[in-house]
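The domain 'Metallo-beta-lactamase' annotation in TrEMBL covers 511-689. The annotation transmembrane segment is assigned in TrEMBL to 20-41, 225-246, 266-297, 323-343, 363-382, 394-419, 453-472, 478-494.
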Amino acid sequence: MGLPTALSYLACGMLPLLWLPTLLSGHASALLLGVALLCLLRRGRLSLRIGLLCLGLLWGSERCHQALQPLVYADRAVTIEGQVVSASLAIAAQRQPVILRVTRLGGRAVAPFRMLLHWNSLRFPFAAGQRWQADVMPRALHGTLNPAGFDRQRHYLSQNVVLSATPRGYRQLDPRRTLRQRVIDLTDQYLADHPARPLLLALLFGERGEITAESRTLLRQSGTLHLLAISGLHIALVAVLAHGVWRALALLLPLHWQTPRPALALAVLAAWGYAWLAGIPPPTLRAALMVTLYALWRWRGCQSTLRDVLTLALSLGLLSEPLLLLSSGFWLSVSAVALLLFWSAWQPLGDRLRRPCCAPLRLLHLQLGLLLLLSPLQLVLFHGISWTAPLANLVAVPLVSLGVMPLALAGLLLTLSGLSLAGEGAWRVALWLLEALLALLRRLPDGWLTPSGLALVYSVLVLALALLWSIRQGWRDLWLFLLCGLLAVGWGLYGRRSGEGWRVDMMDVGHGQAIAISRNGQALLYDSGGRWPGGDAAQQVLLPYLRWQGLWLSGIIISHTDSDHAGGRQTLSQAYPQAWVASPAPDDLPCRRGLHTYWQGLRLDFLWPPRGVTRPRNNDSCVVRISGPGGALLLTGDIEADSERALLAAGTQLHAEVMQVPHHGSRSSSTEGLLQAVQPALALASAARYSPWRFPAPSVRQRYGLRGIAWRDTAHAGMIRVDFSATGWRASTQRQQIDPHWYHAWFGVDGHNG
């Protein structure tokens, strides 16, 4: 067995880390090490492979344990010192995410680790490379956990970050900036306030922090967002450009300079230089490794295929940093290259189409391959695909690859060489091309399509079976693959559930509330989560959830007007303009005592308030009892003791198997009388782990426990799901049952606020 093959088996051994519920314990590691040694001492290919797989899993698990070590510093006030890793751009905010490489903690040197700081850059401007001292209370990494939407814990773990904090005091120790930061600052001076400036900064340096939400949505819906994430395509293009430039210049040099080796060396330097400009994220690391390995093979005159280069680069990347397994960008980049290689080998173009005049057809051929083969992975990672992507990329890929990127890099090189006027001219042309591209993309229809999760699983299976059959039968049965692919995607996009059961999902939206009731492919939302500068819970959680579950929003009930309950209302109404809205406010459908209605066969009884309210607050919350097969659900909003007593005095039917805990579990709610009247078996509380209000109150949780009421809260459990059926109900949680992966665990101490 050769070294590349052995490395690939070691890397494959780490793959179980993607789905293991917990990392290996000390006893399990010792047992696995014994198995690995026994297998390696035995002769035989199978034993050797098993041994290498076991060693790979051991190394990956141990590296993940090491990444979690800084959690011992959580939840105690300390003074830290370290170097800023994140590059600064022109933007400034009161809470800007900044990564600090901590080297000293509490005045003592520690093993370096990364910490996410919510930096006040309005008062304390920062730059990459600067050394700062800050007074912090580190918190264990924690993110909202739902079936769809941004996975904060996985994202930051892939970047080796397990602690976060908001500095209370800032002291700059060393103002010196890194060379990369100085290059970014120099470039930013020349780009001024051009509308396409954020896109050019993203292409040159991989810094996408200034891209507006409008531009990001436009690029996502057109399927061209990948062009602004520096990946293998960009690194390979820079290497090819450098190789071509040297070969052209070598024609003017003596004959001994016209050998392939100088061109290969320049290509490798260009690849690593561009990767350095981008901050060396996982996709660029893999691509730069591929360029280096390919150049080494060519340098030594060895025969190798791109598949061998990709396998070795992937193995080296994962072995050097097993946490790359958690990076979506890494997997998307690797899969794109692998699938393009497979597509080119499986469905190669004829010799007639390899002429220069057929370049658009070759690009269309590659786009077709990516659309068919990469769609399942895009659906899993991003919960959607764009049907306009092939057309948009047919224009955008050559425009960015052959126009914008060479001009942008030429502008940078010219400016760094002192030819600032020529460099600025190149940048101006690149900015004009990007602006023209955005104008073109705005003319395209919204092509973003989203599937339901269950239907997607079946769709991928159908697509895979058709693909295997087509490979076996050859080109003549390609039509079968295409037909099954279209049917599978259609099934995934428009599949709907039906049946007598109904489902309740309390979403994990931090401090706020949003509860989805679904039946027969339709959804009803009770509250819409909170909002914050630049976003809201509907954008981040609710819309991705509805689309991923294949649900159509038919109605919204807003309990009251507080922003943590009504923050996502406007976003939801824009996405689903036909959805009705009920609330105690006079401008909406009425929610007041004595009214009832039916929705998808479920009975909705409105129990509170007794009359409409112009501006409903906590005690005016819309209280709804929903009953159907299997039991009833009581939704209480933020009512407090006064409203609870009034509800009891009205003699209303309150009994329910499942109850939403009033006001997130505050001390002013959940009176003994209410619990006695409802007699729930399960209580659901929507709460944030690091809530400044410290909800839920320990005394309230104890009150439920003394009555034997099962307790679930979103801070500990993530999204909470209750499935009702004719035989009863069953509860499950995102963190423990639905998505129980080690990187979704509750890290740090058990308390909500330390």
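The chain as shown is numbered from 1 upward.
Quick reminder: no glycine exception, Cβ is built from N, Cα and C everywhere.
As the structure is a computational prediction, the values presented were derived from the model and not from experiment.
Touching of the transmembrane segment (394-419) and the transmembrane segment (20-41) is ruled out by the presence of fewer than three CB pairs under 8 A, sequence neighbours closer than 6 excluded. Touching of the transmembrane segment (323-343) and the transmembrane segment (225-246) is concluded from the presence of at least three CB pairs under 8 A, sequence neighbours closer than 6 excluded. With a threshold of 8 Å between CB atoms, the same-chain residues lying at least 6 positions outside the transmembrane segment (266-297) that come near it are 87, 158, 180, 183, 204-207, 229-232, 234-236, 238-243, 245-246, 303-304, 306, 309-310, 312-314, 316-317, 324, 327, 329-330, 332-334, 337, 409.
Note on the domain 'Metallo-beta-lactamase' (511-689): mean pLDDT across this stretch is 96.
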